[in-house]
Amino acid sequence: AMAAIKMAFTLSLAMGFIGLCYCRRTFYVGEEAGWVPHPRRSYNAWAGDRRFQINDELVFRYEKGKDSVLVVDGDDYERCNRDNPIKVMRNGDSRFRLSRSGSFYFISGRDQNCETGQKFVLVVLADRRRKTPPPAISPSPAHAAPSKSPAHSPSPAHAAPSRSPDHAPSPAHAAPSRSPAHSPSPASAAPSRSPAHSPSPAAKSPTVLSPSPSP
């Protein structure tokens with residue numbers, strides 16, 4: 001049982017590796033005719049019939065010492081300019097790997113051969129198997145942070161009390177005022193020195209009795 005599990009695990013790893021690898025395909029430029037001047041069929045027509053992918057390989061076959069292959073940019077391709085090649089191949093069995101997506105330009109390195117049609121351009125498709133990061137997604141209004149707009153401002157029921165007359169505390173909850181209604185009554189006030197409470201003259205001075213006349 002353990003051996004079967006190990007074999008299944010190894011097989012799954014191998015299948016995953018095969019799915020991730022970029023398989024190389026080989027294309028022979030010009031097919032049987034090879035890389036020659038005055039081609040019977042234009043090389044651009046040959047390239048247009050095929051779909052090239054990253055890691056594909058081109059093979060140029062020609063007579064060594066009598067021709068060569070130059071990889072150039074778009075401007076030099078249009079003018080058949082051989083003075084500034086990106087790469088030069090001249091061994092008679094030249095191989096070139098398409099290492100990226102985009103356009104590649106090829107011309108012959110021999111004088112006048114480019115002008116007679118020994119040139120072509122091809123386009124390598126973008127590799128859609130490579131995972132690219134998803135575009136940044138801005139949060140929708142439902143998930144956005146709460147704004148300070150009036151729509152999200154607290155309602156009057158939860159707002160801090162303002163000092164406007166509408167929100168002023170009612171007399172029942174107001175702080176006690178010093179109005180006459182709450183001032184101490186005369187009965188509870190400190191005793192005054194009114195005549196009602198002052199001692200009478202009888203209490204202040206003793207009565208002097210004069211002696212009555214004897215008989």
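Cβ from N, Cα, C; glycine included.
TrEMBL labels come from automatic prediction, so no person has curated them.
Remember, it's a predicted structure, so these values are computed and weren't measured experimentally.
Positions annotated as compositional bias 'Low complexity' by TrEMBL: 139-206.
Looking at the domain 'Phytocyanin' (25-126) alone, the prediction's average pLDDT is 96. The domain 'Phytocyanin' annotation in TrEMBL covers 25-126.
Among the features that TrEMBL reports, region 'Disordered' is placed at 132-215.
Taken from TrEMBL, the feature signal peptide applies to 1-23.
Helix, strand and coil content of the domain 'Phytocyanin' (25-126), in residues and according to DSSP, is 12 helix, 36 strand, 54 coil.
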